[in-house]
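Student: Grabbed the feature section from Swiss-Prot, which reads as follows:
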type	residues	note
ACT_SITE	ASP287	active site, proton donor
BINDING	ASN172, GLU238	Mn(2+) binding site
BINDING	ILE175, TYR176, ARG177, ARG189, TRP190, LEU191, ARG194, GLY195	prenylated FMN binding site
Amino acid sequence: MIYHDLRDFVAQLEKMGELKRIATEVDPRLEMTEIADRVLRAGGPALLFEHPKGHRVPVLANLFGTVKRVALGMGEDDPARLREVGKLLAYLKEPEPPKGLRDAWDKWPVLKQVLNMAPKEVRSAPCQEMVWEGKDVDLSRLPIQHCWPGDVAPLITWGLTVTRGPHKKRQNLGIYRQQVIGPNKLIMRWLAHRGGALDFREHQQAHPGEAFPVAVALGADPATILGAVTPVPDTLSEYQFAGLLRGAKTEVVRCLGNTLQVPASSEIVLEGVIHPEETALEGPYGDHTGYYNEQETFPVFTVERITMRRDPIYHSTYTGKPPDEPAILGVALNEVFVPLLQKQFPEIVDFYLPPEGCSYRMAVVSMKKAYPGHAKRVMFGVWSFLRQFMYTKFILVTDDDVDVRDWKEVMWALTTRVDPARDTLLVENTPIDYLDFASPVSGLGSKMGIDATNKWPGETQREWGTPITMDAAVKARVDAIWQDLGL
């Protein structure tokens, strides 16, 4: 199904019973978080708070609180179809040359579609129907959530930050949380390896001392939002990928104060700059780890202009101990990751990021083992293949007879096939999430790989155990008489 903008998605979700309007006045400070958290844990609907306390702008929360709604946002009615999205990305990441005329003919529609999905720039857009400038720019007029009691200030969570490096044609879309520190000031918390931070660094090198243009789009259409959190190949822009998902070009409009292009249907857009020398201490905030994080220094984003649709919707979320919305997104994107990994490592059978592992900190992989040491190759492959797995602390590899999504089977393999000294791999001084306070140094820590596969000659000197299985004929006989047993 195609959704033209966020409002269209909201309307369709409401028809499906996947969205609930809340008419009762609810405070953006703490109350919305508590309500959204209870609903998410129950597998409930998206929420539209129509009367946020002290504000006229409604708040949309828990939008991607189920795997089904993530799939719907990507244009798929069935979550199982997310594997097809992954296959498309795998092909676009490493396209294979045609094997013949027929193969070329079969692949041409996909290639043609990609070529035709460059974003379409429009002159006027809904996101610029209303404009706040000068003294009218006041972030307190927006119902920005204050999520947890220990949070230092309200926090923008679902903003799509748009940047462009000085030597790049394509823009970068990233989602970075932003702490409110004044009527027109936000702290831009982007990590050093993320696209926005890299663009900013390159701009500083190319134009020392000059302000860096930034735009933040709130309430874009679901395909564009999800495109910003999906491992899109570097050769493809997030806008192109969003166009592929919805089957129509992404309409963008140039900002009023700079040349950056933002989704034309966005509900709210923040335009402004980052001055190279202006930084501030960010946090503490409750995060997806379930803890409050440390304070760190990040650049300050000065908002010079706010544009919006008439009667805008403010899109928001919270992060906390799993499950939260990022954890659910991780489960859904898990299905996208599998074909990408299998394209590079055909021996991988399945890949699972347990939501309890804070979205990405632990991965369980099943594989068709072909030689001694094969599991270690897969571990290093997963760590290095996609940027999304740079911060994965634990990788556990099993044979293909283990269902990696069944924790009972994983524990059985772990406790029967692993010798801790032989089968545990430790890698020190690797990049670690700055929010991971367990590491001895901020941003730098160790990783562990666990080989829970059956061991081959060369890996063990002992005779390896044979799994117990019942005789097939006996099982068939018992199946035949089962109803007669009265059990």
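The backbone N, Cα and C atoms fix where each Cβ goes, and this holds for glycine too.
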Student: Would you mind pulling the longest C-alpha to C-alpha span across ILE175, TYR176, ARG177, ARG189, TRP190, LEU191, ARG194, GLY195, which the record has binding prenylated FMN, in angstrom?
Tutor: 14
Student: Expressed to the nearest Å, what is the distance separating TYR176 (prenylated FMN binding site) and GLU238 (Mn(2+) binding site) at their Cα atoms?
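Tutor: Just about 16 Å between their Cα atoms.
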Student: Select the closest residue to ARG194 (prenylated FMN binding site) from the following recorded positions, measuring between CA atoms: ASN172, GLU238, ASP287.
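Tutor: Checked the recorded positions ASN172, GLU238, ASP287; minimum Cα distance to ARG194 (prenylated FMN binding site) goes to ASN172.
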Student: Long-range neighbours only, meaning 6 or more apart in sequence with Cβ under 8 Å: which ones does ASP287 (active site, proton donor) have?
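Tutor: Correct list: ASN293, THR319, GLY320, LEU435.
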Student: Taking 10 A as the limit, how many CB atoms besides its own sit near the CB of ARG189 (prenylated FMN binding site)?
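Tutor: The answer is 21 other Cβ atoms.
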Student: Roughly how many angstrom lie between the C-alpha atoms of ASN172 (Mn(2+) binding site) and GLY195 (prenylated FMN binding site)?
Tutor: 6
Student: Quick one: pull the CA-CA distance for GLY195 (prenylated FMN binding site) versus GLU238 (Mn(2+) binding site), whole Å only.
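Tutor: Cα to Cα, GLY195 (prenylated FMN binding site) and GLU238 (Mn(2+) binding site) are separated by 12 Å.
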Student: Roughly how many Å lie between the Cα atoms of ARG177 (prenylated FMN binding site) and GLU238 (Mn(2+) binding site), rounded to a whole value?
Tutor: 19
